[in-house]
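A.B. asks: Quick one: structure below, then a few questions.
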């Protein structure tokens, strides 16, 4: 079991690392490639596009040929794309490399969640996903610091060499440590009643897909809006901003690592509702601080509530979304990932397009997400009568 957890954690970490590690090098990258920083900021959207376009195919193939081949191929694509990004001399080449990095990271991301669905029951999976969320929350803080330290001695291509090195490590784990977790009966004719009951159009899966998509949209809007709120509105410098973000990351980690203990005491539904209440409270605090000229610590408190709310319920919601699918976990993971990436990218783009301020953008998604998610949690509870929801198929 430990090998599955180790490999799943490593596969997931490629996704946030490739987003955050290179950001400190953007000014130098823009200078060397004769491009503006605003032009290179599109690399974030290109990276997400690469993830989204490959997720569905990766999940479907993983359900057919196995998790391990997709993990190995995805990690190798990530390695090659990272080397290409470091060697880029033109903006277009750089964007192509970022798109290909998204392909590799997206493949690994899908496989990681499919492996956890294959090998863990519902209760353990909820705990593991909560802990995994805590680990990924620290990447946005650690990665820029590591990138800064690297660039003190080396030029910006070394950032992509570091990403390639991480991809090589993941490739080694996928080849030599990871065992195939695809259910052994997956390659045979599916005639069992359970296999026919697995549909992606059921209310429960769609409700959890919406909840997780709104959650990721909220946290990515927070990441996108926080520099403007903290530095432009509140007047903090980069050092102050880094300290605040480090504090919010610590909150996310503490809540995420406490969630497994909480799940031993409270029901999953309780944690999910608590999560949405915290996000709604964050919207109230931020709005009150804005309209009543609140001091900076009120804003910081609101930002902390966002991280606490997301960390409290996201792992549980992801676990519940995957629970109906013992035979199609790869496709289920793909659909969840695509919904999360596309909803986040569209919301941030659309709000920017119509000229909504960063704070209003954040408050709106907090209100919208918490209201919709609370309604779905109350109206569509987790089924308790379907035994196949908790089926953990034997792995080959």
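All positions are counted from 1 along the displayed chain.
Using N, Cα and C of the backbone, Cβ positions are placed for all residues, glycine too.
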A.B. asks: Per the topological domains given in Swiss-Prot, are residue 29 and residue 320 together on one face of the membrane?
C.D. replies: no
A.B. asks: Counting Cβ pairs under 8 Å to the transmembrane segment (246-266), which of 69-89, 95-115, 210-230, 298-318, 336-356 comes out on top?
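C.D. replies: Checked against 69-89, 95-115, 210-230, 298-318, 336-356; highest Cβ contact count belongs to 298-318.
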A.B. asks: Could you give the mean pLDDT over the topological domain 'Cytoplasmic' (267-270), rounded to a whole number?
C.D. replies: 93
A.B. asks: Considering pairs 6 or more residues apart, do the transmembrane segment (4-24) and the transmembrane segment (69-89) have at least three CB pairs under 8 Å?
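C.D. replies: In this chain the transmembrane segment (4-24) contacts the transmembrane segment (69-89) - 3 or more Cβ pairs sit under 8 Å.
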A.B. asks: Among 42-62, 132-152, 158-178, 336-356, which stretch has the most Cβ pairs under 8 Å to the transmembrane segment (298-318)?
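C.D. replies: Looking only at 42-62, 132-152, 158-178, 336-356, the most contacts with the transmembrane segment (298-318) come from 132-152.
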A.B. asks: Which one, 95-115, 158-178, 271-291, has the most C-beta pairs under 8 Å toward the transmembrane segment (210-230)?
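C.D. replies: Per the Cβ under 8 Å count, 271-291.
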A.B. asks: Sort out for me which stretch, of 42-62, 69-89, 95-115, 271-291, 336-356, has the most Cβ pairs below 8 angstroms to the transmembrane segment (158-178).
C.D. replies: 69-89
A.B. asks: If you count Cβ pairs under 8 Å, which stretch among 69-89, 95-115, 271-291, 336-356 touches the transmembrane segment (42-62) the most?
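C.D. replies: Most Cβ pairs under 8 Å with the transmembrane segment (42-62) come from 95-115.
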